[in-house]
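Written below as structure tokens is the structure these notes are about.
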Amino acid sequence: MKATGFISLWTLVSLPCGQLANPAEHEDVVKHAIKLHRGKGAVITQRKQWVLESCRKLSGLLRQKNVVLNKLKNAIRAVEKDAGLSDEEKLFQVHTFEIFQKELNESENSVFQAIHGLQRALQGDYKDVVNMKESSRQRLEALREAAIKEEMEYVELLAAEKHQVEALKNMQHQNKSLSMLDEILEDVRKAADRLEEEIEEHAFDDNKSVRGVNFEAVLRVEEDEANSKRNASKREVDDDLGLSMLIDSQNNQYILTKPRDSTIPRADHHFIKDIVTIGMLSLPCGWLCTTIGLPTMFGYIICGVLLGPSGLNSIKSIVQVETLGEFGVFFTLFLVGLEFSPERLRKVWKISLQGPCYMTVLMIAFGLLWGHLLQIRPTQSVFISTCLSLSSTPLVSRFLAGSVRGDKEGDIDYSSVLLGMLVMQDVQLGLFIAVMPTLIQAGVSTYSSIFKEILRILILIGQILFSLAAVFLICLVIKTYLIGPYYRKLHAESKGNKEILILGITAFIFLMLTITELLDVSMELGCFLAGALISSQGHMVTEEIMSCIEPIRDFLAIIFFASIGLHVFPTFVIYELTVLLFLTLSVVIMKFVLAVLVLSLILPKTSQYIKWIVSAGLAQVSEFSFVLGSRARRAGIISREVYLLILSVTTLSLLLAPALWRAAIMKCVPRPERRSST
């Protein structure tokens, strides 16, 4: 664009958009712009004629818009003075006129905002990428706000159309006599309208101005169907039910969580298909692993690999599958606690408390040492070391399921020590999740604030210790006064009907889970303590509850291990197999050696032989490193490459765990007692 043309147009729009008051001012601006354009000596040719014509057209449109606005104002005053209309009808007509006024004003503002954007672009430097990025961001924000306004106006127009149709129906009903059925249906219609108004939550309007809420552009994607006719009819239904998928600019996919109309039942068919597919494919995968002598859990992980992003990519509701799989962890730990009585817990509580703490401190010390040699940030070194220090409680629970726990009288049972240390690691997991925000801030803090960060960490540790004391005090009260009468009542009500027993036990698990969650301790600890409290009622009670809960646990455990497979990427492992094998073996050997060293110091001399079995059970990396790694990656503590390395090392260590466990069992446990689930 030539300079004269731009000056003419910009002079026209130099007034603020909100202050364009009357057509006389607009006409003066246009005449002044034409005068400036001619004053520069510009010759009006066919090539430059568009400047004059555009100015005249824009001025004419603005005059016409003001004429229409005056007519709308007169119409609103006439409606307000009309005594023949009801208050509701007056409000509707006035609202309709106001919608049209808003449409005119928004259209005018869009024109001037576009010219403002053109001026910013012409004044910018095409070599300045930062400036262009900022201009693009401003245009994107303007488009988002315009889209929101247009969406709100469209909704208002739909409501106006609905009101118009209802008014027409009412007029028709008044002109004819209604039957009794018609009157009943009319009353039902009015009651249904009131119900919709009562239950409808204006979540969009209520949350769009909340701090931290951003407007995002999303794509709405319908499910592809082989039958085009079926797809067409299904799309009409989905438009009403809101079952299509939304994708934002970051490639995150969203599904409906709560519909606007809660009177119509809905189901997430993607999630149903995912669970059905996992259930069908888990059978042959688990069967194959059993045939070749591997635990069935690896078959379920392979099932997740085949169906996940690195395989067929057929799982759509990944978050929902992982959420359901978490219940597998809850019920697994409940059954672990059911076999882990409080008496056994008191016997090994010192070892369970000291062992994981010493191992974590040593792992962090080695991590900081290697991080210093490799020039890795301290926050990243601490995070990686803490992730690798954790071990998998569900995996070891499967190893111990059905195994003989009774050792020599007076000796410490290796399963009690192992499970006690794993439960303590779950507590450390909750502590580390609580400390993660401080760790993130420490990565960007200056040295002057180090003391504040250390003080904050110490305060968090104190809060966790206080929460643990409160949890165990609550457990003592429940064990002494509540659990006995509660179970006897359940047992009496469930004779001939196991449904009451299952619901009662499940409710107790969720109660303990909620208590520990409210006290900022891991939910897994609550599930474990629920099992330990019920086991205090005796062996017969334990056997009865286990027979009811085990099938539920087994199904949910399948979902859990399949969800782990969704995060395994075989291609990455194959490309970096040498590096990953070296890292995995280094981590497994280091954890095994550190565990043997720590247990040698804290175990009694008569129980030193169990240190090999316990160390073998602790030598793998917990699947919760997936959760910690994903949070750390989003927070910028670790890079994408480090995150993939953590995932791969964790997966390979879990695959090596059965072999190491079997070797330790064969070495340390007498032959008649080798009844392991592996």
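Think of each number as a place in line: the chain as shown, counted from 1.
Using the three backbone atoms N, Cα and C, a Cβ is placed for every residue, glycine included.
Because TrEMBL annotations are produced automatically, they should be read as predictions rather than curated entries.
The signal peptide annotation in TrEMBL covers 1-20. The coiled coil feature in TrEMBL is assigned to 126-205. Residues annotated as domain 'Cation/H+ exchanger transmembrane' in TrEMBL: 281-660. Positions annotated as transmembrane segment by TrEMBL: 292-312, 324-341, 353-374, 429-451, 457-479, 500-519, 555-575, 580-603, 642-661.
In this chain, the transmembrane segment (555-575) touches the transmembrane segment (292-312); three or more CB pairs sit within less than 8 A of each other, excluding pairs fewer than 6 residues apart. Within the same chain, the transmembrane segment (580-603) packs against the transmembrane segment (353-374): three or more Cβ pairs sit under 8 Å, each pair at least 6 residues apart. The stretch from 353-374, 457-479, 500-519, 555-575 that makes the most Cβ contacts under 8 Å with the transmembrane segment (324-341) is 555-575. Outside the transmembrane segment (555-575), and at least 6 residues removed from its termini, the chain residues within Cβ reach (under 8 Å) are 275, 278-279, 282, 286, 297, 300-310, 315, 318, 321-322, 324-332, 394, 398, 623, 626, 644, 647-648, 651-652, 654.
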